[in-house]
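In what follows, a single structure is set out as C-alpha cells and then discussed.
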Amino acid sequence: MSDTIQQEAPDNLQVTPTHGRSFAEKVWSACLGLIQENINTLAFKTWFLPIRPLSFSGSELTIEVPSQFFYEWIEENYSVHVKQALRQVIGPEAKLMYSIVIDKSQGQPVTIELPHQIDAAPAERSVRPEAPGQKASAERERLEIARPRFESNLNPKYTFSTLVRGDCNSLAFAASKSIAQNPGQNAFNPLVIYGGVGLGKTHMMQAIGNSVLENRITDAVLYVSSEKFAIDFVNAIQNGNIQEFSAFYRNIDVLIIDDIQFFAGKEKTQEEIFHIFNTLHQSNKQIILSADRPIKEIKGIEDRLISRFNWGLSTDIQAPDYETRKAIIQSKLKQSGVSLDPVVIEFIATNVTSNVRELEGCIVKLLAAHSLDNQEIDLQFAKSTLKDIIRYNTKQLTLETIEKAVCSYFSITSNDLKGKSKKKEIAVGRQIAMYLSKDMTDSSLKTIGLHFGGRDHSTVIHALNTIEKKIAASNEERKKIEELRKRIEIMSM
C-alpha cells in the first residue's frame, strides 16, 4: 500500500448520491472519452491512460496519478479539458480529488490533504494515519479496480519460464531475475545485454518486463526498439510534441531499449537519450539495453553515453552449447505440446549451432510439415524437411566413428573395446560394434577384426551371429541397435 497526497480541485460541482467504486470507473471512462476528443493521441496515452479512478462519492471523483510531477503537468496543461469533461459528465457542482503516489515503501500509509490550487500558498497539512483494518480494506478495494497500464509493447510469450538457462547466458539470466524482483534498486542499472543475432537478448529483456508486470511492481514498463524510438522522436519534433515525448519517457519506471547500436551517428536522438537516461537513473528507475556488440565497440555513440551505459552491468549472451541447444528444442516442443524422437532432437542440436532463432525455426518447420501430411517425424523426415536449413556434408562412415558411438553409448573406453576384458557390458559393446561395422560399412571381416583388438575373422563371425540372434529374440535389443545406428548416422554427417 502506498503513501499518498490528496489534493482537491477548485471546481464547483453538483452533489449527487453516493455510488460504488465501479461507478467511479464509469464516470472516469466517460470523462476520458471527452478528453480524448480534444487532445492528441500521444498526450492522451501518456497522461490519462495511467490514471486510476479510485472512488466516487456524492459529486466527488477521486483519481490516482503516479507522481507529483504527473499531477502538476496535468494541471498546467490539461486542467481546462479535465474541468469541462467533469462538468459535462457529473454536472456543474462536481469535485475532483487527486491521490498522488509519493512512496512505495511498506508501512502504515499517511494521507496529507492540500487545497488544489497551484498558485496558492501551501495550506497547513493535516496528517491522518489510517485506522486499524483500513489498510487491508483499501488494498482490496484497489485490486478490484481495473488497472490501466502503459502500452508496454511486451510479448507475453517472452517469460523466464520459456527461457532456457545455460552456460551461454547464465550471468545475464541471473542479473535479469534479480532486476525483475527489484527494478531500479540494484547494482545492475543499467543492464546491457549484448551478443549476436537470434541468441535471446530480446526474450531476456522482455522477460524482465513481463515479470515486473505480473508481480504488479509497477505498470510503467516500456519496451521499444531503438529504431522506433528514433522515428517517434523525429515525429515529435515535426509535430511540436517534443515536450510530451520527453515527459512520457521520463515517467517510465522500467525502460527497455533494444539494439542501441542503431543510435550511432544520430546526434539529436543521442542528446534526448542522454537526458532521459539521467532523469530515470537519478530517480532509481530501471534501464535495460541491448546491443549486437560490446558498448565500447559501437562507433558513433557519444563518449558521455558510453560512460553512462557502463555504469551498471554489461554482459554477453553467446551461442548455445550442445546441451543447451537440446534443452531449447525440448522447451519449444513442450510449449507446443509435441514430443519428438530423441534422435531427431539430437540431429537438430548437432547441426544447428549458430543461434536460438534457427533452432526454433527448425521446430516450427517440422511441425508445420507434419500437420500438412501427418507423416511420422522420424530422422529421415527431419532430414528431408530441414534440408534447406541444415546443410551438411555426409562424410564417409568409418570404423572409428562406430567405435566412438559404441563407447559413448556403453560408457566404456576405446581401450576397453579393443582389449581382452570379458565383462558383460564391454563384451556386448564389442560384439555390437563389430555387427554395426559389418552392417554399415564395406569393411571386410579381417579389417573389422584387426580394428577391434587384432581379432581374427572367426571372432567377428561369432559376434555377428550372436547379435542377430538377440535382435530376433528381443525387441529391446533391436531398439538398442537401431538407436545406435541413428547415432552413428548423425555423427557421420
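Cβ from N, Cα, C; glycine included.
Copied from Swiss-Prot, the annotated features are:
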REGION    1-105  region 'Domain I, interacts with DnaA modulators'
REGION    105-152  region 'Domain II'
REGION    121-140  region 'Disordered'
REGION    153-370  region 'Domain III, AAA+ region'
BINDING   Gly198, Gly200, Lys201, Thr202  ATP binding site
REGION    371-493  region 'Domain IV, binds dsDNA'
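Remark: of the binding-site residues Gly198, Gly200, the most isolated position is Gly198 (fewest other Cβ atoms within 10 Å of its Cβ). Counted with DSSP, the region 'Domain IV, binds dsDNA' (371-493) comes out as 85 helix, 0 strand, 38 coil.
Neighbour counts of Cβ atoms within 10 Å were compared for the binding-site residues Lys201, Thr202, and the top value is held by Lys201. Summary of the ATP site environment: with the site residues Gly198, Gly200, Lys201, Thr202 set aside, the chain residues having Cβ atoms within 8 Å of the Cβ mean position are Gly195, Val197, Leu199, His203, Met204, Ser290, Ile317, Asn355, Val356, Arg357.
The region 'Domain II' (105-152) scores a mean pLDDT of 38 in the predicted structure. Secondary structure from DSSP puts Gly198 (ATP binding site) in coil.
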